[in-house]
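Pulled from TrEMBL:
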BINDING   D:H130, D:D152, D:H154, D:D156, D:D244, D:D246  Mn(2+) binding site
Protein chains: 6
Amino acid sequence: MSDPFFHPVSGFDLPRFAGVPTFMRLPHVPADHPRFKDVQVGLIGVPWDSGTTNRPGPRHGPRQLRDASTMIRAQHASSGMRPFETVNCADLGDVGPNPADIQDSMARITAFYAQVVAAGIRPLTAGGDHLTSLPVLRALAKDGPLGMIHFDSHTDLFNSYFGGTMYTHGTPFRRAVEEGLLDPKRVIQIGIRGTMYDTEDRDFAAANGIRIVTIEEFFERGIADVMQEARAIVGAAPTYVSYDIDFVDPTFAPGTGTPEVGGPNSYQALQVCRELNGLNIVGADLVEVSPPFDQSGNTAFLGVSIMFEMLCAMLTPTKG
Amino acid sequence: MSDPFFHPVSGFDLPRFAGVPTFMRLPHVPADHPRFKDVQVGLIGVPWDSGTTNRPGPRHGPRQLRDASTMIRAQHASSGMRPFETVNCADLGDVGPNPADIQDSMARITAFYAQVVAAGIRPLTAGGDHLTSLPVLRALAKDGPLGMIHFDSHTDLFNSYFGGTMYTHGTPFRRAVEEGLLDPKRVIQIGIRGTMYDTEDRDFAAANGIRIVTIEEFFERGIADVMQEARAIVGAAPTYVSYDIDFVDPTFAPGTGTPEVGGPNSYQALQVCRELNGLNIVGADLVEVSPPFDQSGNTAFLGVSIMFEMLCAMLTPTKG
Amino acid sequence: MSDPFFHPVSGFDLPRFAGVPTFMRLPHVPADHPRFKDVQVGLIGVPWDSGTTNRPGPRHGPRQLRDASTMIRAQHASSGMRPFETVNCADLGDVGPNPADIQDSMARITAFYAQVVAAGIRPLTAGGDHLTSLPVLRALAKDGPLGMIHFDSHTDLFNSYFGGTMYTHGTPFRRAVEEGLLDPKRVIQIGIRGTMYDTEDRDFAAANGIRIVTIEEFFERGIADVMQEARAIVGAAPTYVSYDIDFVDPTFAPGTGTPEVGGPNSYQALQVCRELNGLNIVGADLVEVSPPFDQSGNTAFLGVSIMFEMLCAMLTPTKG
Amino acid sequence: MSDPFFHPVSGFDLPRFAGVPTFMRLPHVPADHPRFKDVQVGLIGVPWDSGTTNRPGPRHGPRQLRDASTMIRAQHASSGMRPFETVNCADLGDVGPNPADIQDSMARITAFYAQVVAAGIRPLTAGGDHLTSLPVLRALAKDGPLGMIHFDSHTDLFNSYFGGTMYTHGTPFRRAVEEGLLDPKRVIQIGIRGTMYDTEDRDFAAANGIRIVTIEEFFERGIADVMQEARAIVGAAPTYVSYDIDFVDPTFAPGTGTPEVGGPNSYQALQVCRELNGLNIVGADLVEVSPPFDQSGNTAFLGVSIMFEMLCAMLTPTKG
Amino acid sequence: MSDPFFHPVSGFDLPRFAGVPTFMRLPHVPADHPRFKDVQVGLIGVPWDSGTTNRPGPRHGPRQLRDASTMIRAQHASSGMRPFETVNCADLGDVGPNPADIQDSMARITAFYAQVVAAGIRPLTAGGDHLTSLPVLRALAKDGPLGMIHFDSHTDLFNSYFGGTMYTHGTPFRRAVEEGLLDPKRVIQIGIRGTMYDTEDRDFAAANGIRIVTIEEFFERGIADVMQEARAIVGAAPTYVSYDIDFVDPTFAPGTGTPEVGGPNSYQALQVCRELNGLNIVGADLVEVSPPFDQSGNTAFLGVSIMFEMLCAMLTPTKG
Amino acid sequence: MSDPFFHPVSGFDLPRFAGVPTFMRLPHVPADHPRFKDVQVGLIGVPWDSGTTNRPGPRHGPRQLRDASTMIRAQHASSGMRPFETVNCADLGDVGPNPADIQDSMARITAFYAQVVAAGIRPLTAGGDHLTSLPVLRALAKDGPLGMIHFDSHTDLFNSYFGGTMYTHGTPFRRAVEEGLLDPKRVIQIGIRGTMYDTEDRDFAAANGIRIVTIEEFFERGIADVMQEARAIVGAAPTYVSYDIDFVDPTFAPGTGTPEVGGPNSYQALQVCRELNGLNIVGADLVEVSPPFDQSGNTAFLGVSIMFEMLCAMLTPTKG
């Protein structure tokens, strides 16, 4: 049972549109807060998009996600789990990036997460573009390479862009494999689609043992079957979950920078998360929500609904 | 066969974007109109949203629904029914609410519908928020409790909000059961989903015999199976149909105040109505269309497409 | 000089789009916070719009205003004032309203402000619709009627709406005069325009000595002349400032519920505030920002720019 | 004094967002209505845009203008006139155009207005694109050429487009002069601006005695001076007023097809109408409101505010 | 293998948001360009919407489609085809229509396509409303009637509108059959739905042997089964493919003028194209994208994704 | 007189919404085009925003500006100048930036402009964020420091951001002065406003002789007086003009990243450019148009109207 200090305010007591918006109406507990040491799961924003190669905007993601997240209530509809009463959850605030310096930003992000990891807090991140995952993994994988279940329409496994630029949102997991942060044989990428430059990324995956499930395979086999394979691939060892909102069809999630049509609907977007229960999840992220391309906040609301599902999955008992 | 006075103007004679917009281009026949007594099905707007606990706006629903409804043509595509040539349909205008007084508004609505019922007119309502259904039921259920098929993502069965407020759009059907307007054993709620405050509403349903079909059950069993059960539950006795637009996935119907992701698509939204044929429908409503959250009118167009389906269902011969 | 605890974070240290959004990046100091007693000026949100007679939405105002307010920097451009370093400013959070009960909401608002007044804090309010001003004045005018400078396109002096409803956003200042919260001879209303129901409100003003400056007079005489008269009317005694965003032309502030075309531009919207310097301002509000009608946040950004101007005016030394 | 049948419903009795939207909440009195013969000023929609050479959409103008017009109240703010109580005003409905046949549409429009003129009704038109004015003038100028005060950013005096097409919204007034519907020496065009193809239109104006006031001259001389000249040019003889919404700066009226930046603001847009008082106005139009380019309805609200001003001007006693 | 002159620029060399936007970043090769004779497949815009009977706007389609098309990369994700390296593809520019003259526009379009056909170029057209297909077919069917696979929610087989107007976007294929451009027994229409005026169009189809697959049949049988029938109907003879974006559900493609709810999703929208492989396709079009109703460009991005699928289908070897 | 090759297509020949959109419908003449050497004024896009410290998006500016620019016709309305017939103007295309590497991007930009300068072409640039001006000036000021007239709401004279980052859109002109590209005594900045971090930028200006005209001074003195001073400051020596769209009030130009309310309107935005006639302008830019924050294109249309004014000013004979 969690400490009541960490319970969100109910919409029955204070309307959901009222109040300073923290993630899911949780208390704001920055690193210098006296209760920081008691947090078990920390929701963190990384307002950063310098790795974006196409349409920018994810730097505004955490704020819009916080706003939309005040619509999230206390209990999961189908499992009945009440996560905020299960463990101590808190909004740890945002990592402050340097919008004009990629390396400096990555250093700041890794430093922030190192502090979180040192405090024994499991992070649930709201990006930010997908390059965000790299500096987060640098902090999380300090004891060895992690497995990863990765929902996305892109592999993000390219070597470089624009004549040799190594750090963009199209390269993080190639870097992560090269740096030993991910064990490629324990990585699965689900939902891959869209027109392609070439096969460089898929060749890298094939050469290293990364499993790619295209959208066609995903729809043909169905969620249960694909996710069973995903669970088998990552096994019981420590695993990261990375969820790019562009995994979902852009009609359901227009607020993103590099959409690819023909993806899962919102029901499927949630269902895949429910198949993560019982895994050994050391951290998760939801990235690439870009508010300038959906000022309505509808994409963000789907995003936080996904974050709530991942949060619940993180709290289910790990199965041997 | 209907009286030609009640036929809508064809888009072949007058383009669909032209003319003063009444519901489905029907004649505007307010209660003091000489032909009021000849109306058989009346389309009524209730521009009211004082029961809204989250994002307001349904007070603007009827006008946007009228605008979008001029896109509706004369014939149902699959059944071939031509409803406006079957019975006398008319736009009865709007009930005038009091935006700053909930009880006064409910009294006005009930009085308006009492007049409609007294004239032998079956009402098809365009809301307004879901509290609208309560004063409507007060007029319709004068001879005893009704059955109800209820499409929604929420049960609207809570007891109170904000420390004791009994009349909001989250409480109408609890009040209706308490007031004897609905027979809970003849009530089915379909599409329920979204994070939950607690189980108070579901406990009330269970205690009173209201059947709840969650979205997971809905997708697993399919429309035909679920609707067969719905038909069995309400039987041949008088039945009300209440359709909250947030039953539909918010990507298809963003113009609403309390969306829950992961719902049916627009095809499914129409198909469920087709399974209402032959029931003893004494009235129906489509509520919670909130134009400020979808100025494009796309949600309203889906809403009037649903209203047209419900209208056709109301006109099929009742099966023994 | 203010306590550094109350200084906002600089955009040079943390980008302005990052972080949990409080008003002007000030610390969040609710009433139960240990530093509450040290606050001198409190920024308060009242997310409430039950008094709205036309288009709703100001209940969402405080959150959007907080978001936009992170664009406000430390120093006033023309006066050089650095308000946050002058006195202790803080975000006191939102008053929690009851969206479905007007009287309950007004009681909650008055109670919140009574606590603020008791702590010696001067409030700067972000509404909410204009009925908000009434319960605020009930707390502020405990020692006698106040003067008021009121920027608006409407007088808000009507007696009732919809057949006898006494509390709407069109009646607050009539009630305030009747309740002895405002001294009508020390009240001036500036910017009045738009088509009229009748002259009931203006007759009340004339009978009670309230000065009305129409938009035509405002443009003919100019800001300096009109504001000099305003200053003379309220004098050195305690004065409230109420600023309805619909004072500004709706092209500059589309996010509001009852716009009237033909108003001041954004430069004029700021300039009138600069003429408030040196008055004895006991509180001020900025009301009727309605995010559903301007999802871009541009209206809110103008709104917080006006709030910053009013804040600076509140901090200038009072002239005998 | 007008017949109470022709009075609009008050927003105090029925909220302004409620009810079937007719122009200014007036009764809908089509030509076959028994009260048609009693109408003195008729508001008419012409939902037509086949003459558009650039961005289409004004076919949707009348409906959006009707919607926005329910915000118009009974009394003019500065003059105190209550037009609807002065003469019998009514919404005569829309002329039904043929969107795919320009000549057929013009014939339909002229026939409709001939009926209006025959009934002694003065028309106030809501367009439609500017070609609308031509078939209207054909009905109105049956007794000889009219004078015209024309607010616009374009002269609409070109000979042809696209290699010989004579009827577009860039040519109506050249045709009207050629057909003897307008007396060019009694025509003044105000607000002309924007980059030019060439000087063909201005050469035609110069050769025929049409007075052009550019936007630079308009701003330099001011409204009073320019409008005094306009009044002198048209004199006491029958005069038409044609108001293209693109006269106004596109920031204030973005919902139009061929905007030109650098125009009057909304206050000036209204003030010019007030200088029409006492002229012998036989008809007026407000054209080129294009809802697809401003779904917010703000342009339409400005448009109906202008229509209300023109209506009041039409009702002031004609000065010898 | 194609000539490198005809290769698009890679997003790795020049970011996809940069550069003058041609279709799919191909070279712009108008008819007077020296390489025109070497083009094998030409992408052509027809910015025209004079046949529209409801909401206009497709005249702006080609430009928005070009903009969105710069997101298309070199390789098809599932087949691996690299179309731009297979044959010489180019952007041939736009046909210049006459917005105010339907017959003149049709003549211009047919003349343009006659030139294309004479040069041995297969056209892939971006409309424009659906009347566009008629003048295109006049050029393509010079050697005899074609077969057609037609994706749409409407049959476009009506005889006339508005009392005898023969050329609108609701009549092109009736005209094409009458003119001998299409062999009705080799025509299949897929996705038909929405409320109907009457059965005139379906009666014409039945009388002439045109096969109509309603949306209900489409969903019941599935894509593979329906498309197998489609392939059998058109056979190995020359075939045209016409794709109205309103075939897709309007939630996925809101930017269109006459939407009908309850259609296929974006994945299905692409999949049907993949079943066109190996047919003898002499030309194809994607019509009715209307940017004013979706300024986000999302509809256009789906549209160009469909165009890319059709392009790849056109390049697969024809099966005997 | 210019070569007809360089004349734009008339909207009378091809509708303005048709065709591949180049700047002002000029021919696209990249550096490897045979006519490149004949260009006299080159319009260039720099789709880049890596220097943005707040809301991103100007990387999309050039494309939206090209789209809007097809609305520009051949002749200036008040001066009668026909610039495209005066000198050879062309669209030189976009500089390809590296979105993930600031230094690389600056090198690419300077190299591109060096080529332009070497060809004797005067550049008129469409940004891009304001950091764009720095690498452009590096190419233009090769023969010594330039004077500059700078329209903006910010000085862009800060030393660094985020703890030492030297290259952002808030620092370009400080770098330019330090690098000897600008002569600070020949620099004037007009329109400065908005809340301030501190006075570091103004202190630098004062210490180096840069003239700052605040918005208050601008409005008090008027355009003629301020611009006369500006002309005197830069004199007859080579001068650069840099126009940040946020100089204009954000209501008129919402599509930008760092708006400041209370600025000039669109008429004033154009008028200031007309006072540039006769100066020795070696280049000009219009920067900070950010399409994600104004998808309507209205900001871009104002932007290209300003570019057209600057182009005309660049072509007036230089006065001794």
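Don't overthink the numbers, they just go from 1 along the chain as shown.
Positions of Cβ are set from backbone N, Cα and C atoms, glycine also.
Non-local contacts of D:D246 (Mn(2+) binding site) by the CB criterion (under 8 A, 6+ apart in sequence, same chain) comprise D:D152, D:S153, D:H154, D:A253, D:T256, D:G257, D:T258, D:P259, D:E260, D:G263, D:E288. According to DSSP, D:H130 (Mn(2+) binding site) sits within a helical segment. Of all Cβ atoms in the protein chains displayed, 27 besides its own lie within 10 Å of the Cβ of D:D244 (Mn(2+) binding site). Long-range neighbours of D:H130 (Mn(2+) binding site) (same chain, six or more residues apart, CB within less than 8 Å of its CB): D:G51, D:D152, D:D156, D:H169, D:G170, D:P172, D:S242, D:D244, D:V287, D:E288. In the three-state DSSP reading, D:D244 (Mn(2+) binding site) counts as strand. Same-chain residues with CB within 8 A of the center of the D:H130, D:D152, D:H154, D:D156, D:D244, D:D246 CB atoms, the Mn(2+) site residues themselves not counted, are D:H150, D:S153, D:T155, D:H169, D:F247, D:T258, D:V287, D:E288. Other Cβ atoms within 10 Å of the Cβ of D:D156 (Mn(2+) binding site), summed over all protein chains shown, number 24.
Its Cβ placed at the centre, D:D152 (Mn(2+) binding site) has 23 other Cβ atoms within 10 Å. Neighbour density for D:H154 (Mn(2+) binding site): within 10 A of its CB lie 24 other CB atoms from the protein chains shown.
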